[in-house]
Amino acid sequence: MTFSRPSGRTADQLRPVRIERSFTRHAEGSVLVSFGDTRVLCTASVENRVPGFLRGKGEGWVTAEYGMLPRSTHTRSDREAARGKQGGRTLEIQRLIGRALRACVDRNALGERTITLDCDVLQADGGTRTAAITGAYVALADAVNLLIKRGDIKKHPLIGAVAAVSVGIYRGEPVLDLDYPEDSDCDTDMNVVMNDGGGFIELQGTAEGHAFRRDELNALLALAEKGMGELFALQRAALAG
């Protein structure tokens, strides 16, 4: 039986990825990132203050918030603000985004400033957290480039690029960049965050159906590295445009 994906993509093929800069007017950095039908608005906001634990230390901070619009999925979900608290999934994802982006920033060069990345899912079709990280990096880069242009900082605080992609085992085959039909029916699901130097920042992998073997893990990481190379090229092209 010939293996096929619901989308018709090959096992090592990303969905069509678009990175649109300056999508909104007011934020220092603003990006609409699309991975196929998944669309996330990422904005970077700069404030001249830091959390209490960093006051007087001369260091900056990078953090993130994440949320999904009520009808970003097949059925409407209540806004978390209406429920009075954020869910565990939301907190997990926004902490992941913050950790990923702090890994590419020299916080001493940033000075006592906070950059907040707000990642709002407009439409979800799998891979929202990886799309958010990939787009938020470009929004962050735009924000720090503006700080340099205005003379607010002298040294560029970015020490490399960061992107993320999902991989998984779907119907027994390792695949790259899972969409919703694959994500909801896969044997293994993994999110990979890397820098453009080839270093791994975070791996989140879970066996959904059956335990995965070491050779399958190696195959998944190889797929992630291939996809990451394409994503870094897209980020560079977007920032050069």
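Note that Cβ sites are derived from N, Cα and C of the backbone, with glycine treated the same way.
The annotation phosphate binding site is assigned in Swiss-Prot to ARG89, GLY127, THR128, ARG129. In sequence order, PHE35, THR38, VAL165, SER166, ASP177, LEU178, ASP179, ASP183 make up the list of same-chain residues 6 or more apart from GLY127 (phosphate binding site) whose Cβ falls under 8 Å from its Cβ.
Site extent for phosphate: the farthest pair of Cα atoms among ARG89, GLY127, THR128, ARG129 sits 13 Å apart. Excluding the listed site residues ARG89, GLY127, THR128, ARG129, the same chain places TYR66, ILE93, VAL121, ALA124, GLY126, THR130, ALA131, ALA132, ASN191 with Cβ atoms within 8 Å of the centre of the phosphate site Cβ atoms.
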